[in-house]
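Enquirer: First the structure, which I've put down as structure tokens, then a few questions once you've had a look.
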Amino acid sequence: MKLTIVFSGTQQIKDPDNKGGSTAIIPAPHMLPKAPDSTIPGKNTTLSIPGSSDRFSTSAMMERIPSRWPRPVWHAPWKNYRVISGHLGWVRSIAFEPGNEWFCTGSADRTIKIWDLASGTLKLTLTGHIEQIRGLAVSQRHTYLFSAGDDKQVKCWDLEQNKVIRSYHGHLSGVYCLALHPTIDILLTGGRDSVCRVWDIRTKAHVAALTGHDNTVCSVFARPTDPQVVTGSHDSTIKFWDLVAGRTMCTLTHHKKSVRAMALHPKEKSFASASADNIKKFSLPKGEFLHNMLSQQKTIINAMAVNEDGVLATAGDNGSMWFWDWKSGHNFQQDQTIVQPGSLESEACIYALSYDVSGSRLVTCEADKTIKMWKEDLTATPESHPVNFKPPKDIRRY
């Protein structure tokens, strides 16, 4: 008698010798699980994944490729070590003297105050503007300080006489930013009239008007070689300018919101720009997009600065101050400014920040009328503050 058994819950048993062709249905016995091939000698061993189907998932067989994203350099966290009060209004701008002995701040109380960097004491107060002072710069070759404000005025102060010796007239509205050219005696100012104006420092002549932005020019920096002038605007674009021809070399349209702050790296040929959507890095002189910083501060960023060690600091409208590793874009510290006692919580806002000439001190100008000074925590080690870094999975190309 020959049996054909089909194992599927029940089974049919057919007897070929049975002439009547009757079929008996009996319940199938429970089968023992089949031994894996790997345990049978002479069989090829195959990869078995517990809980997986016959079709293996490809991730198990894929070779793991290490991320090519640069690992962040370890930086010590920064801490606030001094708070200076003295201004009677929001502190809007800051500039350091090339000798690194003092720095000056401009405020909504219409004064410029000069402070000793080592002790934080007030050395001098300059009055003359009739609106808040939004831009300051100290000359490296002359004893001059330049200031610009909402009163449309751009002034040149002689620090030997402590008085205004020149005024530059031409802006049709408030002046929001100011920069000195590193090698030629010219001054660059950008303002609410959407124009970046170029001035001859000595003769007060209006050399050129760099027109092309559709909205306020709120950030500017200058370089010795082309593009010698780079401007950021509320129209969310960054423009590179040919200073000789007085026209745009190229326009970067990567940002979606106002570019309120830019920072030129002191050594590398690259710069970063900050907007409410992202902080982006670009190469110079071509302006190729390098990458976004790996986190989003999710606030309006008013100011940013980078030192030679590659620590980028960005300051927000909500009082947040974030520190980034320049090379990798990793955010290694998030700090929150504390308002002066008696101030409103809404006055936790940082308007300007700058490193000193050595890059070891950071000074912030805030809406609670104070100036705060920061330095690296020397007690920190890579063991006490380890780098918590996850390389990005998808790299945005814009």
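Using N, Cα and C of the backbone, Cβ positions are placed for all residues, glycine too.
Pasting the relevant annotations from TrEMBL:
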REPEAT    84-125  repeat 'WD'
REPEAT    126-167  repeat 'WD'
REPEAT    168-209  repeat 'WD'
REPEAT    210-251  repeat 'WD'
Enquirer: Where else in the chain does the repeat 'WD' (84-125) make close Cβ contacts, counting only residues six or more beyond its ends and a cut-off under 8 Å?
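Expert: That would be 131-138, 140, 145, 147, 149, 157, 162, 340, 351-358, 361, 363, 365-367, 369-373.
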Enquirer: For the repeat 'WD' (210-251), give me same-chain residues lying six or more residues beyond its boundaries with a C-beta closer than 8 angstroms to one of its C-beta atoms, as numbers and ranges.
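Expert: For the repeat 'WD' (210-251), the nonlocal Cβ contacts are 176-183, 188-192, 194-198, 257-262, 264, 271, 273, 275, 282, 284-285, 287.
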Enquirer: When secondary structure is assigned with DSSP, how many helix, strand and coil residues does the repeat 'WD' (126-167) contain?
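Expert: When I sort the residues of the repeat 'WD' (126-167) into the three classes, I find 0 helix, 24 strand, 18 coil.
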Enquirer: Roughly where does the repeat 'WD' (126-167) sit in mean pLDDT, to the nearest integer?
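Expert: Value for the repeat 'WD' (126-167), mean pLDDT as a whole number: 97.
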Enquirer: So how many of the residues in the repeat 'WD' (210-251) end up helix, strand or coil by DSSP?
Expert: 0 helix, 23 strand, 19 coil
